[in-house]
Each structure stands twice: as structure tokens, then as C-alpha cells.
Amino acid sequence: MSKIIAINAGSSSLKFQLFEMPSETVLTKGLVERIGLEDSIFTITVDGEKQKEITNIPDHAVAVNMLLKKLTENGIVKSLDEIGGIGHRVVHGGEKFADSVLITDEVLADIEELSDLAPLHNPANVVGIKAFQEVLPNVPAVAVFDTAFHQTMPESAFLYSLPYEYYEKFGIRKYGFHGTSHKYVTERAAELLGRPLESLSLLSCHLGNGASIAAVEGGKSIDTSMGFTPLAGVTMGTRSGNIDPALIPYIMEKTGQTVEEVVNVLNKKSGMLGLTGYSSDLRDIIAKEEEGDHRAKVALDVFVSRIHKYIGSYTARMKGVDAIIFTAGVGENSAIIRERVLEGLEYMGVYFDAKRNNVFGEEAFINFPHSPVKIIVIPTDEEVMIARDVLRLGNIG
């Protein structure tokens, strides 16, 4: 048995989960927030109870030291020698990484180089990796990339209709994201269906504040809705999803905003927040719709219609589907959104059962038994995928 930490480092946060492997038992989990700001918050779960501490955490190295100290203080590990491996979520692996990889100096340099493609995320991921290297230099560390799963997409899916030299010189192409989540739920779907993954055509709907759809054929991603960045695809909480690119100079001209300001609007002030004017949270928007709010209704209609576009096009790409999977915050917990997405899909063999659909955050088949296409709710678990990859690549006994 070995203890493995799964880490997701943001620019001012550090999310962690400690596993006993290979049993995949979660020993503890927690979150460090507001790193580098006043009143940093450290939260850890001990014996099922959340402990919260407000303190000064100036950087990620201090956060890591505090985390490791809490593990020993609370008897979660007897000593740091019990930690056999560390897995780091890294947002962008570009074309260089089609799988998770053991972190070396060379790999770390490559991740830093790819920061151009993910300026908000990769630098923070690197800071997290370096912080652990300082404290646990001899413990194997593995990078798990959000983009890696989608590296199986064919050129017809990942190339944009732009001058080919842009792809050759600048790496401009579709990369896709949420790969670790799509991989987990499609593998789990095959187990639940009792069929080999290689024989299945699956539609994976990762619907949260960020949302993406993936077409997975024979266990391989053949297309996905996010693009060069996580801004593309379906309408999201605060992100616009796909728009006509000519809108950017038009908005700049009309508002006097810079490119950076317009892109910030597309990332942080658009999507459901932009359409409603008051919230990015679908629960708020559904409640408002029930009160008769027109913009809430329109926003929800837009959200569902954009998902339908991908379901239709990916079903055509795969010449039919065996199952549709719902995962992430909205996909796992909103029976209303699932119902609206599935309504009217009988033409493609989708027959959902409204009674069975009344589930929240648990695995369930929500189709009628006679439905040719199965519909499965599967809570995602990116952390366990990270831990599995550490076990697989870290030579951990």
C-alpha cells in the first residue's frame, strides 16, 4: 500500500487529496485559498470533520509545508516517508504530451514553455510542482495533463481552417480540455455497461461552470467542443463559447475596449452571466425562470441548444452512439438540465425515464430499459485518475 497526493494548483489556490493506493481510499482532502493574499484559508478534512484555519500563507511553498505538517500532526501519515508519490494536474500539455509523464527537469521546462498556450494555468501548475520538489525532492512526481486525452483527435477534428503555417509555426489548433474527466467517465461507463471500451461510441457531457462535450470512440477522443483554449464550445457559466470571430474587432470599435479587455469579457462576463445579467449559477437561473423571468428562460434555452448542436454533430461523426454520459456539477446534480438536453432525442434512440432521472451526485442509469442508447450519470473523479497515473508511472510498490 502506498500513499499518493493528487494536487491541483491554481494561481492563488492549492487543492489536494491524499489516497491510499491501490485501494483508492481517500484519507483526507482539502483546499488552500487566497495564497499570497491577506487572510489565507486552509481547509482540511480529518476523520470526516472539516477543519478551517485563517492564517498568512505568502506562497505555494508555505502552503505545501503547512499541508505536510497537518498530515503528520493529525496522524493521517506517521511520517512523510509514507508518501510514495505526488500527482499534479497540469492544464496544457500541447502536442508534446499525449499521456501523463514522470516529472524531470526536462519535463518541467517543457511545461513552462507551454505557458504561452495556458498563461493563466500552466505557470500556477509549475509553481505547485516546484513547491513540492523543495520539500519532497526524492518522491516521484507525475504530471497529468487536461489536454492529453484529446491528442488522439484526427487532423479533421483538430485543425482550424486557417493558413496551415499557423499550425506549423505557432501550434494553433484545437487541443480540448477536461480530458482527465472525460477519460474517467468513459472508462467507468464501459464498466457499468459491462462492455469493452474499445467497442463503444460514447458522448461525454462534462457540464459545470466550465463545460465541454467529447466524442469518444473505442476509448479514444475523436472530437471535443473546447478548442485552442477553454473559451470555445458550448455556452458556459461566464464563458461565451463559440462566437463569430469578427465580433471581437466590432466590439472593440463600439466600446473602445482593447483586445485583452474584450477577451476578458468573453471569459468572465459572458455565458449565462452575460445572458441573464445577474448570475452564472444555473440553480439561480432555473429559480428565476420559475418566477417568469424571460432572460432566464432564454439563457437556459441557449445553453441547451448549444449542447444539442454537439450531440447531433458527434452522433453523426460516430454513426450513432451507445451511451450519453452526464458528469460534473450540473451534469451530476441538475435533473432539470438533463431532462431538457434529452427531451426530443427519441429520433436517435434516446428514451429517458423522468423517475430515474431524479438522482443527484450518484451513479445511475436514467434511461428506460428498452432505450437503444443508454443514459448514465457518473460523478467525475479527476483526482483518482491522477493517483492511478502516479501508481502506474511512479514505480511505486
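Quick reminder: no glycine exception, Cβ is built from N, Cα and C everywhere.
According to Swiss-Prot, the protein has these features:
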type	residues	note
BINDING	ASN8, GLU382	Mg(2+) binding site
BINDING	LYS15, HIS206, LEU207, GLY208, ASN209, GLY210, ASP281, LEU282, ARG283, GLY329, VAL330, GLY331, GLU332, ASN333	ATP binding site
BINDING	ARG89	substrate binding site
ACT_SITE	ASP146	active site, proton donor/acceptor
SITE	HIS178	site 'Transition state stabilizer'
SITE	ARG239	site 'Transition state stabilizer'
Cβ-Cβ under 8 Å from LEU207 (ATP binding site), same chain, 6 or more residues apart: which ones?
ILE307, PHE326, THR327, ALA328, GLY329, VAL330, GLY331, SER334, ILE337
Other C-beta atoms that fall within 10 angstroms of the C-beta of ASN8 (Mg(2+) binding site):
22
Spatially speaking, which of the recorded positions LYS15, HIS178, ASN209, ARG239, ARG283 is closest to GLU382 (Mg(2+) binding site)? Use C-alpha to C-alpha, please.
HIS178
How big is the Cα-to-Cα gap, in Å, between HIS178 (site 'Transition state stabilizer') and ASN8 (Mg(2+) binding site)?
13
Same-chain residues six or more away whose CB lies under 8 A from the CB of ASP146 (active site, proton donor/acceptor)?
ARG89, VAL90, VAL91, HIS92, GLY93, PHE177, HIS178, GLY179, THR180
Could you list the residues of the same chain, at least six apart in sequence, whose Cβ is under 8 A from the Cβ of LYS15 (ATP binding site)?
ILE7, ASN8, ALA9, LYS29, GLY30, LEU31, VAL32
Which residue, of the binding-site residues ASP281, GLU332, GLU382, has its CB surrounded by the fewest other CB atoms within 10 A?
ASP281
Does ARG239 (site 'Transition state stabilizer') have same-chain partners at least 6 apart in sequence with Cβ under 8 Å from its own Cβ, and which are they?
GLY210, PRO230, LEU231, LEU266, ASN267, LYS268, SER270, GLY271
For the ATP site made of LYS15, HIS206, LEU207, GLY208, ASN209, GLY210, ASP281, LEU282, ARG283, GLY329, VAL330, GLY331, GLU332, ASN333, how many Å separate the two farthest Cα atoms?
25
ASP281 (ATP binding site) in three-state DSSP notation:
coil
Which of ARG89, HIS178, the listed recorded positions, has fewest other Cβ atoms within 10 Å:
ARG89
Looking at the binding-site residues ASN209, ARG283, VAL330, which one has the fewest other Cβ atoms within 10 Å of its own Cβ?
ARG283
